[in-house]
Structure formats: C-alpha cells, structure tokens
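So the structure is just underneath, and the comments pick up after that.
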Amino acid sequence: MNTLVWIVIPYVCLAVFVVGHVWRWRHDQFGWTTHTSQLLESRLLRLGSPLFHLGAFGVIAGHAMGLLVPASLTEKIGIPGHLYHAAAVWGGTITGIVLVVGLVLLIARRFVNGRIRRVTTTMDKVLYVALAAMVILGMTATIGTNLLSEGYDYRETIAVWFRGVFWFSPETHLMTEAPLVYQLHAIGGFLFLALWPFTRLVHVWSAPLAYLWRPYVVYRARRHAPVTPVPAPAAVRDRAVHRAHR
Amino acid sequence: MRIRAQVAMVMNLDKCIGCHTCSVTCKQTWTNREGTEYVWFNNVETKPGIGYPKHYEDQERWKGGWRLDAKGRLVLRSGGRVKRLSRIFANPDLPTLDDYYEPATFDKDVLVSAPAGLTDTPVKQPRSALTGEPISLDWGANWEDGLGGAHERAATDPNITAMAPDAAARVKFEFEKTFMFHLPRICEHCLNPACVSACPSGAMYKREEDGIVLVDQDRCRGWRMCVTACPYKKVYVNHATGKAEKCTFCFPRIEAGQPTICSETCVGRLRYLGLVFYDEDAVLAAASVQDEQELLAAQRKVFLDPHDPETVRLATEAGLPQEWVLAAQSSPVWRLISDYQIALPLHPEYRTLPMVWYVPPLSPVLDAVGAAGLDDTDADDVFHTIRDLRIPVEYLAELFTAGDVDAVAGVLMKLAAMRSYMRARTLDGTVAEELCSAVGMSGAEIEDMYRLLAIAKYDERYVIPTAYAKDAVALEAQVASTSDCSLDCAGGPGMTEPAVAERFHLVADGGQTRPGRKSLFARRGDGRLGLSIDPAGERS
C-alpha cells in the first residue's frame, strides 16, 4: 500500500505529466492556449485573474523553497529555524489568501455570468475542482496546522521524500508518519501534475518572456521548408522522356 | 535599403453605395463559424458615426497604434514590453463583447410550427447566440447604416470630437443638413503593424513575400494584446477557440493571382489591388516623423518607383520574379497612391503605415458647384467651392490626413478637375487646359486617371502576380515525379483519405503538421477536443 501510494503513484503521475505534455505539444498546438474569455466578461476577471496569478506565483515559489531547499542548507547559511518558519508560514498564508480570493472570484465568474458558463468545458470544471481541492488542503495545512496549532516540520519528512522521488530513492516511511492533510496534499499534488497537460494550464509553459528581447515586427517567409524533397526539374524531365520512350 | 513587395488595396469611396456585399461575402468565406459571429474582417461603416467596435478611433480610450514618446522614439500607445507583460493576466484596454455586439439568432421554429387559426401573428424572438437567453437587439456591426441613430450618437464620432471647436461646429451644422458616406474597412496590412509588435508569443507576422499580416493559429496563445494594439480594431478574439483572428487578405486567392473575395464581389467595382514595392529599412524612420501631417508624405517616400531602373535592379537582386516587377509597374494601386496622388491612408496619425488607402468621396463636390450656379469648367469656380462641400473637408481631413485640410482639398480638386475636364471633353469636345494646369496634370494623364477610376476592367483593377515562380517550378516537378495524384505526396493534404479536421491547414507549416500520423483526438469546429472516429480506418 505504502509503495503504491508513495512510489508508484508519484512516478506514474510524473510520467503522465511528461509524456502528456509531449503528446499535447505535438498533436494539439491549436488547443495550446490560455483560452481567454476576457472578451465575454471583463469586470470580475480584471480583479480575479491578477490576484490568482500573483498568488500562484507566490505559492509556487514557496513550494520550491520549502521542498527543494534542504533544511541543512538554510541552517548553514545562518537562517535560524524559527525565523524560517515564521517567514514560511506568514508568506504562505498571505500568498495563499491572495490565491484563494482570486480563485473564488474566477470560479464565481463561471457561475454568475451566463456567457462564461456556456463556454466552460468539462475539462475546465475538472480543473477548477482539482485546483480548489488542492488549495483547500494546502491552506488547511498552512493555517490549520502551522499557524494555529503547534505546527509540523515538513522539511524533515515530506521535503526529503519529495527530493527522494527525483533521486529515484523515495523513502516511504517519511510520508506514512506525516499528518493526513499533508499526505492528501502531497499525493493530490502529484495527481494534479498528471492532470496538468490535459488542461488549459499548459499555457504556463508558453509564458512569453522572449517578447522582452525580440524585434517588434516579425517577418516570416511563406514556407520554411520545401513540401517534399523535390528532384531537379531536369531529372524529372529526363525520367519522363525515358518513360515515354520505353 | 531592403526592397519588399506589398499587396495593397485602394478603395474609391466615391463609388461606395453601402450595399455590404463585401461584408457578407467575406463573412460567408471566413467567419461563419461558432466563435466568430461578431467578427467582421470586412465591415462597412457610415460616416459620421462611432464605428465598429464602438468609438474604435478613440485611441485615448483603446490605446491602439503608436505614438512618439518624449524623446521622439516610436512606442506603442498601449505601453512598452514590460508594461504589456505586466497586464497579461487582465488587459484593461481590451474591448468586451458589449463594445461590439452580442450575436443573436432567432427561434424560427415558432413561425414554422405555429398552429393554424391563431388570432395573433407569431413573433420570433431574438436569442443570444452565446447564452440562448432572449435578448433585445440594441447594436450591431452596421447599426448606424445610413445614419441610423446618428442624431443621438454621431456627435461623439471621435473624428468630430478631435477637431478644433470651430471646425467641429461647422461639421455639426453641415451634419444637420445631412451628409454621409460609406467607409468599407478591412485589415490595413500595415508596414509597421502595431498588432504584430504587441503579440507576446510572436504568432503574428508579416509575410516577407507579399506583406500580408497573419496570425499563426498554432502559435497564438490567446494573450489578446493584438486586439488592443490594433488602432483599427481589426484583430478579433474567437471566443470559442480563444485565439486571435483577422482579415487574411484572402491569401489563398492572392497566391493564385485572384482578387480578395471583398474585391471580387464589390458591385461598385471600387476596389483596386496591386503591388507596391517599398524599402523595409525606411519604415521605422517614416513612422517616427515628428509632425503627424508629414506622415502621409513620409509613407509615400517609403514606396519605391517600380519604373525606376534602380528599383528594378534591386528587385531582381532580391530574387523577385520578373512577373512581380511587371505587376508592380502596372499596379493600379501604385498609380492611385503615387502617380496621381489621389489615394490617402486611413488615419495616418496612428503611425502604423496602413496599406489600404482610400480615394475620398467626391460626389457632393459637383452638387455644390452646380447649386452655386457656377461654371464647372472654370478652374476658379470649381476649386473655390471645394471648401464649401456637403461633406466638410475638415471631416475628411480627420480621417485621411491627420487633419491636414489642404492635402484633402488638393485631392478633391484633382477629382473635381477630372470630372469637369471629362464633361467638357464629352459634351462639346473642348479641352479645358486651364483645369489641367491648375492641378498640374496633363490632359492625357487626366484621361488615364479617368479611365482607371471610371471604366477600368477586372484585370486593370486587380493586377496580382501569382505566388513565387520558384514554388511553381517545385510544384510542377513534384507533380511530374509521382504517378499518383499529386495531393498524395508526403506533406500533401492527401486525396484518397477522408479529410480530418486536424489536417485542415491552409499552409503546411514545415514539420508542424504530420499528415502521416493519426491522432485519436481531433479538434471539433468549436475548438474543443473530441474523439474522432474515422470509418475508413487507419491511414497507411
């Protein structure tokens, strides 16, 4: 059971994440878009979308910091544990709240506005449910466990297991001891990654940073490559002549 | 000096009767799909009026086009690169559907299935094409047609509000006596396109060969900055696919040497299509000219005279086929823009260097001459009425010359002189030399111009060379090299297999499409993924 949950599922999810993106990129360039609906509704989006995205940046950065940076490293460079904990909890709480407010606005927008409701696809609904579940679990862990209760040091267990996944040596016993809400959030996170390539979230990988450097006006030739390797006209003619004579 | 060819258009507004045939045939060809109900690559506006989308010419509001910053550098009015990316989560300058109109449909079944013997006539109700709910129709792409509602709204026409107060007062006074004209609009396929410059993902591009501005549907990620940046609001968001779409200048037809569908079906025969050579390296300087009223002259200087041996040499060196040089030399667009100088760009002050130009409307000129009891072969009589026209010159100047009244008046004088000259010539065979010298044209030139404007036939109005000859050679070789149908080659669309939606790409983009690969999921018409079941089985 432990092996299934803490080893098999993460690796399957990561495989789906990678293979899914390759498949989507190769087969569905046309669907690779933010799927903007600002044309249909702008008022709630103007508030909700920036809040959600900025909150998400903060939350992703927080996860990267908490999961990828070993506790030993922060200690070595002289950051006291309690200071790190306070920064993580408060940073996580604030960015989390920004994210929640944005997400609530965006979900409300889907319900309130008839135009938006009509264009919401099944995959959008799945994505919103998954996002909401992940955010609720994460906020419960941050606020419920770390801010209001005595806290749980995930850096010694979950973070180690998480890094282990990428070194191909995940230690399952680290996860079995973690509180349930952390367990659910961790495994939900991997399932969420598996969902990622099949949703509009793929637009994240198209963040247009190259725009900052490229020349303004883009020129493009009508064809990049010839349609097919073409024999020289003379060769074609000679062959046709040869065939005619035969 | 880098020579490029541009397929450009001139519309003679004098002949536009506002029949909307161009809009309808364009829509039938390109935008009769879910998600593009409100999209009009071609629309015909009645001027004065607020236009489509509402007040699109008000760049204080919509931030379209370019402006010069304090240091005289050309910057997008919607902001620089960093500012644009910072607004990517919600674009504050994006028109919403209410600035266009909510597309509607009608439940016609109410009429069809109405029982016999009703005492009241059954009425079909408009329903929103987006939500299916009943709506009241209160706006549309040509709501102002023939000055509809103009008594309420025309005073807010951005071209009038931008005028000096005394000119605006005069326009309003004339307007109360009623004047109007039609303005068909398509994408301008600008030399300095703001939409392309604002596209964060680089999906929009200007074609090197013919200057047509297109959106790569596979690369568009729906950041919707192009809509804001285009001052003519001719890039639209398809709300079903979440991608930008715009006028394609009917490139598949242009490549085949055919006119665009709007030109082909124009009943007034007022559209002209042809090549213009221009110097790409001169574009930025021309768009950055300090004085807005100098932009027209600056843009004309970017164009290269196709009869100049130096231009021909450059074109040949750049690999342009002989056919293209010949087409440029007989281009009606070049003649109207640069030889006769009677065509003007729409809103040059947006600094995009647009390539769809207009011959301003003339008809009311002669009305004014005749009504004043003047002799229309007398140069003084003709010209001094130009500024007392039914359509105020100031209004035309706002549209076509950034407010330079003299420039518009000069064009109208040429047109008025041409009419008077031809009338005298036809009625009593006299040649009004005085008119010729007054506009600086010879009698022969005036007659040529008359021929081009009044009686030019199909192949004089549309001089379009086919796509590059080198491609043609390759295609011919390809046809000859296979014994089967030429569509069945590698990379071709295929002939013996049923076409699946995924393979519907007008241009096979090297390596992007893989006809040999069959995918389980294909995109449906509404842009969503759906399972595709192909009864013919796997492609071999």
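Each residue, glycine too, has its Cβ placed from N, Cα and C.
According to TrEMBL, the feature heme b binding site maps to A:His53, A:His63, A:His185, A:His203. Per TrEMBL, domain 'NarG-like' is recorded for A:2-222. Residues annotated as transmembrane segment in TrEMBL: A:6-23, A:44-71, A:83-106, A:126-148, A:180-198.
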Protein Cβ atoms within 10 Å of A:His203 (heme b binding site), excluding its own: 19
Residues from the binding-site residues A:His53, A:His63, A:His185, A:His203 that lie close to chain B, Cβ under 8 Å, in sequence order: A:His53, A:His203
Same-chain residues at least 6 apart in sequence whose Cβ lies under 8 Å from A:His185 (heme b binding site): A:Met134, A:Leu137, A:Gly138, A:Ala141
Residue among binding-site residues A:His53, A:His63 with least C-beta crowding, 10 angstrom cut-off: A:His63
Most distant Cα pair in Å, residues A:His53, A:His63, A:His185, A:His203 binding heme b: 24
Three-state secondary structure, which DSSP defines for A:His53 (heme b binding site): helix
